[in-house]
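What follows is one structure encoded as structure tokens, with my remarks underneath.
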Amino acid sequence: MKTFNISQQDLELVEVATEKITMLYEDNKHHVGAAIRTKTGEIISAVHIEAYIGRVTVCAEAIAIGSAVSNGQKDFDTIVAVRHPYSDEVDRSIRVVSPCGMCRELISDYAPDCFVLIEMNGKLVKTTIEELIPLKYTRN
């Protein structure tokens, strides 16, 4: 997988996502936070919305992208998601998580040249959405 150097702005993006989920965490409601940075440097953050029926749950990345697009933002640079442990988990670490398949599709649709921060082998890694969803289906 092709990777890129982690910048101070990337670390700040992780911190914004971490602060968002730390502030809004609720068992069985919100345990993932996300932050997306636009190419102008603006950061939009969100938490996921969990539902009793799993397929109704909306991921934090989708909410962050939707919020940004709803406010006229279109040019995205980097996105990250972090997971807060449930209250009964022994390990209390908030960790960067890789986007699910649906979020990879959504990121690719709205930001095909976006960077994505993920954790790989315990290390923060910066890659492109194209690396995470190669040979993406397109209508063309």
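Every residue, even glycine, has its Cβ placed from backbone N, Cα and C.
Per Swiss-Prot, domain 'CMP/dCMP-type deaminase' is recorded for 8-140, and the stated evidence type is sequence analysis.
The C-beta environment of Cys59 (Zn(2+) binding site), restricted to residues of the same chain at least 6 apart in sequence and closer than 8 Å, consists of Val32, Ala34, His48, Ala81, Pro99, Cys100, Met102, Cys103. The Zn(2+) binding site annotation in Swiss-Prot covers Cys59, Cys100, Cys103.
Following the DSSP three-state reduction, the secondary structure of Glu61 (active site, proton donor) is helix. Marked as active site, proton donor by Swiss-Prot on the basis of similarity to another entry: Glu61.
Working note on the binding-site residues Cys100, Cys103: by count of other C-beta atoms within 10 Å of each C-beta, Cys103 ranks first. DSSP places the residues of the domain 'CMP/dCMP-type deaminase' (8-140) in helix, strand and coil in these numbers: 45 helix, 39 strand, 49 coil.
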